[in-house]
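A.B. asks: Residues or ranges marked as S-palmitoyl cysteine by Swiss-Prot on the basis of sequence analysis: C315. Residues or ranges marked as topological domain 'Extracellular' by Swiss-Prot on the basis of sequence analysis: 1-37, 101-118, 182-186, 269-277. As annotated by Swiss-Prot, topological domain 'Cytoplasmic' applies to 64-75, 141-160, 211-245, 302-323, with the evidence given as sequence analysis. Annotation source Swiss-Prot lists transmembrane segment at 38-63, 76-100, 119-140, 161-181, 187-210, 246-268, 278-301.
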Amino acid sequence: MNASCCLPSVQPTLPNGSEHLQAPFFSNQSSSAFCEQVFIKPEVFLSLGIVSLLENILVILAVVRNGNLHSPMYFFLCSLAVADMLVSVSNALETIMIAIVHSDYLTFEDQFIQHMDNIFDSMICISLVASICNLLAIAVDRYVTIFYALRYHSIMTVRKALTLIVAIWVCCGVCGVVFIVYSESKMVIVCLITMFFAMMLLMGTLYVHMFLFARLHVKRIAALPPADGVAPQQHSCMKGAVTITILLGVFIFCWAPFFLHLVLIITCPTNPYCICYTAHFNTYLVLIMCNSVIDPLIYAFRSLELRNTFREILCGCNGMNLG
């Protein structure tokens, strides 16, 4: 609960109002001896969860409503929006659960609290794996768009994209269950860290290759006479690649402190400086939730079509041409 996913809880204590229902293994309760923990009000988690939920629902509604957005990339963005919703909703519900546990009106057995903790931890784990897999799928989609432009519509069809999305979520569901079943093992943390860095390396390689190709292509186009359709098409492909690169950068920025937290738990659990860093776990959770809030803003900023659809849904502008 407001804890890192899938790791064992050792005691049913609550260090402060924004902490976990059960103190996770890596929350390092002794950290207060070395540095002061940052108190984050429960309202922050709840507010971020609600904003993220509304924003990502808007993204999904926009893609469903606008036929021009029925393409593999936007379907992958919808899947990423669901992953963003999952992590924010889990933390918001967790905050509500903490408030209920702290109230004098209801009491719960420790076993029930442990079950709820496992459910919310599983949701966070599933969201993490889903986010990484969807970002990778989008990277592959942009890669195919740039390097196999003439065959793109036969290689990456809507049906194939939807099948891949279903496969991603089935895999994520299995991972969530496995992480909970083996939550007592440190191998869970090792697997999460390994997956994160392996996926980041793979996506980084794809994007470096794409932008090197784009740079070479721009030089070649500049040396040729103007040809209608060539430059605009390439510009459109690269604009999509830039958008996903921004998404990836924000994802790394928001999730990196969490993964550094996991790395320190494995490598130096008793070092005072490591303990001090891990004392601020709730801050890293807030960053993760901020990622879920920022992503829809990036979609809107980078896509005029999506932005217009948002405006139509929110304002009811019937005169807008959505093609």
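Yeah, the Cβs are placed from backbone N, Cα and C, and that goes for glycine too.
Describe each of these features in terms of where it is and what it packs against.
C.D. replies: The DSSP secondary structure for C315 (S-palmitoyl cysteine) is helix.
Per-class residue totals from DSSP over the topological domain 'Cytoplasmic' (64-75), listed helix then strand then coil: 9 helix, 0 strand, 3 coil.
Mean model confidence of the topological domain 'Cytoplasmic' (302-323) amounts to 72 (pLDDT, 0 to 100 scale).
Residues 1, 3-7, 73, 76-77, 79-80, 82-84, 86-87, 89-91, 93-94, 97, 161, 164-165, 168-169, 171-173, 175-177, 179-180, 183, 192, 195-196, 199, 202-203, 206-207, 244, 247-248, 251, 255 of the same chain, all 6+ positions outside the transmembrane segment (119-140), place their C-beta atoms under 8 angstroms from a C-beta of that stretch.
Residues 5-7, 26, 125, 128-129, 132-133, 135-136, 139-140, 142-143, 146-147, 179, 241, 245, 248, 252, 255, 259, 262-263, 265-266 of the same chain lie 6 or more positions beyond the ends of the transmembrane segment (187-210) yet place their CB under 8 Å from a CB of it.
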A.B. asks: Take the Cβ of C315 (S-palmitoyl cysteine) and count every other Cβ within 10 Å, whichever protein chain it belongs to.
C.D. replies: 9
A.B. asks: Sort out the residues at least 6 away from either end of the topological domain 'Cytoplasmic' (64-75), same chain, that have Cβ-Cβ distances under 8 Å to it, and list them.
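C.D. replies: Non-local partners: 138, 141-142, 156-158, 160-162, 165, 240, 305-306, 309, 312-313, 322-323.
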